[in-house]
Amino acid sequence: MKIEKNTVASLAYQLTIEDGVVVDQSTVDAPLDYLHGHNNLITGLERELEGKVAGDKFTVTIAPEDAYGEHNEDLVQRVPADVFQGVDELEVGMRFLADTDQGPIPVEITEVDGDEVVVDGNHMLAGQSLTFTVEVVAVRAATEDEIAHGHIHQAGGCGHDHDHDHDHEGGCCGGEGHGHDHHGHGKKEGGCCGGGGCGSH
């Protein structure tokens, strides 16, 4: 079976960024599963997977415009530290959900300067070319429920879980890893495929 819309593919992959650092991976024994054709992957990778079959192996470099976009300086802002209510000590690397006119977006603290904090709303891989080494482990037809919900229904795959205490903003895949932000929602903004799900951007 070929990878096409409404199929579920299982992938073993390694993701490296421009300096050669490995930022995410999954193995043949614990592959990443995702529903194809439902925006569960970054555009460039999903396009490369179209038509592949189990056993296919390839390496591809995805440009920023087909991954997480270029780094947008408009998403870097200096804000008063007191907007972070209920946090005893602000530190570089902390992540939060910020309420915006476009809805909540994840931001990361990149600088703490006295009573002011610099936050960055860019994805951590924005502006990066991403190189994937991929093996297609398996391909199957999606179930009706999976197609209706737009994601797979098994542990370890890409998509949303249904407990709404979590926010998903993963790397390549939706983000099934859960860190903690300070608004009561777990989130991961990981590499391409956070904790078992390669995902939407």
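Each Cβ is built from the backbone N, Cα and C atoms, and glycine gets one as well.
Model confidence over the region 'PPIase first part' (1-69) is summarised by a mean pLDDT of 96. Marked as region 'PPIase first part' by Swiss-Prot: 1-69.
If you look up Swiss-Prot, you'll see 6-95 marked as domain 'PPIase FKBP-type', on the strength of sequence analysis.
Under DSSP, residues within the region 'IF-chaperone' (76-120) fall into helix, strand and coil as 3 helix, 27 strand, 15 coil. Taken from Swiss-Prot, the feature region 'IF-chaperone' covers 76-120, and the record attributes it to similarity to another entry.
Sequence annotations record features per position, and here Swiss-Prot assigns region 'PPIase second part' to 129-151 based on similarity to another entry.
Annotation comment: Swiss-Prot describes Cys172, Cys173, Cys192, Cys198 as Ni(2+) binding site.
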In the same chain, residues at least 6 away from the ends of the region 'PPIase second part' (129-151) whose Cβ sits under 8 Å of its Cβ atoms read 1-3, 6-18, 28, 31, 34-35, 38-40, 42, 44-45, 48-49, 52-64, 67, 157-160, 172, 174, 192
DSSP puts the residues of the region 'PPIase first part' (1-69) at 10 helix, 27 strand, 32 coil
